[in-house]
Amino acid sequence: MQTLTIIRPDDMHLHLRDGDALKAVVPYTARQMGRAVIMPNLKPPVVSVADALAYKARIMAALPEGSAFEPLMTLYLTDQATPELVREAKAAGIVAFKLYPAGATTNSDSGVTDLFKLIPVLEEMAKQDILFLVHGEVTDPEIDIFDREAAFIERVMKPVLAQVPNLKVVFEHITTAEAARLVLEAGDNVAASVTPQHLLLNRNDLLVGGVRPHHFCLPVLKRETHRQALVAAVTGEKAHKFFLGTDSAPHAKSAKENACGCAGMFSAMTAVELYAEVFEKAGALDKLEAFASKNGARFYGIPENTDTITLVKQSQTVPASVPYGDGELVPMRAGGEIGWMVQY
């Protein structure tokens, strides 16, 4: 039986929620990943160092006994952010600030309305070597939802990089050929996280044969040519600029299957197996370890994990749902098969 042993991966983009939801989902990530970069879009958002440290304590308390998993904490960037907050965050071990353009995604109401007014804050981030994580979509209602990432590149990303050229930027959960091209052409201070869904699915998987609410995420799935461009990027010559970031975003089944369903896919349960499928299909299994376990750590300036995990070429059926607080959670590829399995 074929096996593949790799350095234990890190998830560089993860939503863990809070309370009972946190307790339900964190064990799935903790058994696969050594560390994860924790998104700050709680209600209310994680905007201060005190907020982040309190949230980290709640995550640690929710971990299974004996787990060595480490959450890497971030702050939610708001219009009120200051250079002083950046210095305070760096001193407290916060790894990054996250940009949510106001209204772009789940719990983004407190997001930034005009990033260019925060240039002094971004300059301080560059000075302190603290990362800037970007949800790269414009929220202009006149821009088609499928074009919002490409528009963001021209309107925001390129001008910001021109004004703060040494800022370390992660273009999060990229979905388009344009985003891949930007990262490929930018300096070594720009990298990207890529989700399993944007490497495996296209917008037909969301819309053909009926609306598939469990395939609805933001940024929304794009056409097949974009998916292929992402696979080419993560397996190509400059693959070191791309890394694993699941954007696993749990929402109760009832919140997904309704007239105005929430955006987000829960992939943490089988994340590494899903990525293995991508790299296997691309004939690039030898590049999975760098993508999952090395590139993110290098960009964040942290050491690689010292232990390993082993994948077995063995089919598994993903559960139709799992418990989630008072309700249930539908994982990515619920009821379907994945050709790999992590040995636990």
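Every residue, even glycine, has its Cβ placed from backbone N, Cα and C.
Among the candidates ASN41, ASN202, ASN204, the residue that Swiss-Prot annotates alongside HIS15, LEU16, ARG17, HIS135, LEU218, HIS251, ALA263 as binding substrate is ASN41.
The Zn(2+) 2 site in Swiss-Prot is built from HIS135, HIS173 plus one of LYS90, LYS98, LYS117, LYS158, namely LYS98. Binding site for Zn(2+) 1 per Swiss-Prot: HIS13, HIS15, LYS98, plus ASP247 from the candidate set ASP247, ASP286, ASP307.
HIS13 (Zn(2+) 1 binding site) carries a strand DSSP state (E or B). Secondary structure at LYS98 (Zn(2+) 1 binding site), as computed by DSSP, is strand. Comparing Cα positions, LEU16 (substrate binding site) lies closest to ASP247 out of the recorded positions LYS98, HIS173, ASP247.
Rounded to a whole number, the distance between the Cα atoms of ASN41 (substrate binding site) and HIS15 (Zn(2+) 1 binding site) is 8 Å. Around the Cβ of ASN41 (substrate binding site), the number of neighbouring Cβ atoms within 10 Å comes to 22. Remark: of the binding-site residues ARG17, HIS135, the most isolated position is ARG17 (fewest other Cβ atoms within 10 Å of its Cβ). For the binding-site residues HIS13, LYS98, HIS173, a Cα-Cα cutoff of 10 angstroms around LEU218 (substrate binding site) retains HIS173.
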